[in-house]
Amino acid sequence: MFSSIKHSPSSFTCTDFFPKKRSIPRPQFSPLPIIKNLHNSFPNQSFSSQKPLHVASIENLAVSKNTQQRKTECRAYEADRSRPLDINIELPDEEAAKKIKIGVYFATWWALNVVFNIYNKKVLNAFPFPWLTSTLSLAAGSLLMLISWATRLADAPKTDFEFWKTLFPVAVAHTIGHVAATVSMSKVAVSFTHIIKSGEPAFSVLVSRFLLGEAFPLPVYLSLLPIIGGCVLSAFTELNFNMTGFMGAMISNLAFVFRNLFSKKGMNGKSVSGMNYYACLSMLSLLILTPFAIAVEGPQLWAVGWQKAVSQIGPNFVWWVVAQSVFYHLYNQVSYMSLDQISPLTFSIGNTMKRISVIVSSIIIFHTPVQPVNALGAAIAILGTFLYSQAKQ
């Protein structure tokens with residue numbers, strides 16, 4: 001197993017490194033164990049100084065059985081190829097957290113919208129001045145955001161003249177849609193207004209097709225049939241039908257379609273969050289609406305109507321006005337904040353479910369009489385809206 005040691009002519013000893021006169025014996029030290037009588041123990045093996053000493057086989061070495069049983073596996077890895085530790089650390093699921101966040105947005109959005117519609121209808125029943133009511137809603141939201149910016153509760157947006165110029169047509173459409181919807185709810189039941197407003201996708205497709213030349217797949221056009229059919233069926237079977245209320249809801253649909261188109265066209269690349277974007281939209285809409293509200297209704301009618309409402313309802317009427325104004329801003333603000341987190345398709349589906357919650361809650365709270373055919377028309381229209389959302393994918 002070991003090769004014999006052979007001395008070549010060129011071999012030398014450690015004394016060659018020192019002068020002979022100063023030759024001093026040095027103790028020989030080796031980290032390896034001393035091997036004695038190699039020729040006697042391994043007669044058939046030889047050693048060579050020209051090659052490194054190595055062990056070719058361990059068959060003839062005397063190794064105890066206990067040593068053989070102890071096996072230790074040692075692995076070495078380079079620093080940049082280190083083996084990862086097998087430690088299971090459960091990290092929070094980002095996808096699940098995002099779904100929970102969206103669910104909270106949706107639940108808050110729907111709840112605030114239901115509360116707004118209830119108080120808004122109460123105010124309009126006692127104080128039938130939709131232009132002033134709409135103005136107060138925008139004023140409350142503008143005031144809340146100005147306070148938030150002043151107290152640093154929210155970061156004020158960085159805007160310029162170009163931003164406000166782009167926002168102006170959006171604000172005009174938003175103002176028309178907001179006032180038209182309020183006029184509608186002052187004349188008809190809340191449930192009927194929202195049934196008609198569920199037909200907004202039909203207006204969106206028609207405007208995009210005939211004014212912008214945008215084509216849609218066949219399923220999108222087919223989804224409009226139940227929307228239009230359901231709205232028509234509900235309108236003809238509405239017990240308290242009013243043409244002004246019906247036309248207000250229709251005008252609101254058309255105005256909000258243009259608002260969405262202007263917003264999509266003009267706000268690309270703008271780094272303003274959804275909350276601040278709606279705040280700026282409210283402020284600009286307030287400036288647009290105020291002179292028209294004064295011209296249409298006027299302070300004299302408001303004063304007479306206010307005194308009459310307070311005398312009939314009491315101090316609670318003031319709370320109703322404050323509640324409808326604040327909740328209008330809050331539900332719209334949450335909807336714009338949720339739009340930052342979700343796709344337009346998911347937002348459209350959420351908007352459809354929101355209308356269902358408003359219709360059902362208003363019927364229960366205001367004891368609105370509903371005929372079975374009317375309820376069927378509402379269900380068909382809402383189903384068509386859902387199918388439209390799916391077809392738009």
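Cβ from N, Cα, C; glycine included.
Taken from TrEMBL, the feature domain 'Sugar phosphate transporter' covers 101-389. The transmembrane segment annotation in TrEMBL covers 102-119, 131-150, 243-262, 274-293, 313-331.
Counting Cβ pairs closer than 8 Å to the transmembrane segment (102-119), the top stretch among 131-150, 243-262, 274-293, 313-331 is 313-331. Packing against the transmembrane segment (274-293) from elsewhere in the chain are residues 131-132, 134-135, 138-139, 141-142, 145, 154-157, 159, 163-164, 167-168, 170-172, 174-175, 178-179, 267, 329, 332-333, 336-340: each is 6 or more residues past its ends and has a CB under 8 Å from a CB in it.
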